[in-house]
């Protein structure tokens, strides 16, 4: 996910009201599906929300009460858990059935690899938690905050896919990006903790891993998924799945461009700061 930004802007009241309303509607919808319609398979969504809310409380009480630090630390936990889950799902599928039919349209669109549905539910619960936390402590900026829009788009795409039990495996592949998010959050935690020496070997290694995973796990992965959607467009039915998937991937690819620019600026800024100190 993109790095969080702190501090609301003018008109933040209208912004927060809109995103709070959409979050309430989402919660009512999920609660109805689980409680009234008996969709027990969606329970990990609620479990994910509760888990990360508890993690937030644990960090706040034992490490720091700074809302941005707490939010970033919990985001790091989510990225780490999701990355491990995605790797497990992909490796398990590869070992059990091989790569031959793993990326066929029927498998990606209508199939659900072992553990994929629950992992997606759990991650969906995180995005709801994170949206609430950022609204509560105003950890966003701008008239239309990119991070809140990012979470809203993901909540819509994930939840609709979970309700209809389609494109689960496609969405799991998009979660490969969380391997890069690990290093985004590590950098933020490291700087908030006061470790800003660009010449340290650990910091240089962090930047190498940051750029490597940005290119592979985020940019290349998302481009390949977009290509696969376009190549298999004729295999989709007349439902909303293809337009929604293409719209979601267009948004992610656009966010990757802005994220790459932000990373370049941050890299140059840290390097220049170190030169001035030397």
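Positions of Cβ are set from backbone N, Cα and C atoms, glycine also.
Whatever TrEMBL says is automated annotation, not expert-curated.
Checking the ranges 92-110, 168-186 against TrEMBL, the transmembrane segment annotation falls on 168-186. Under the criterion of 3 or more C-beta pairs below 8 Å, with sequence separation of 6 or more, the transmembrane segment (141-162) and the transmembrane segment (17-36) qualify as touching.
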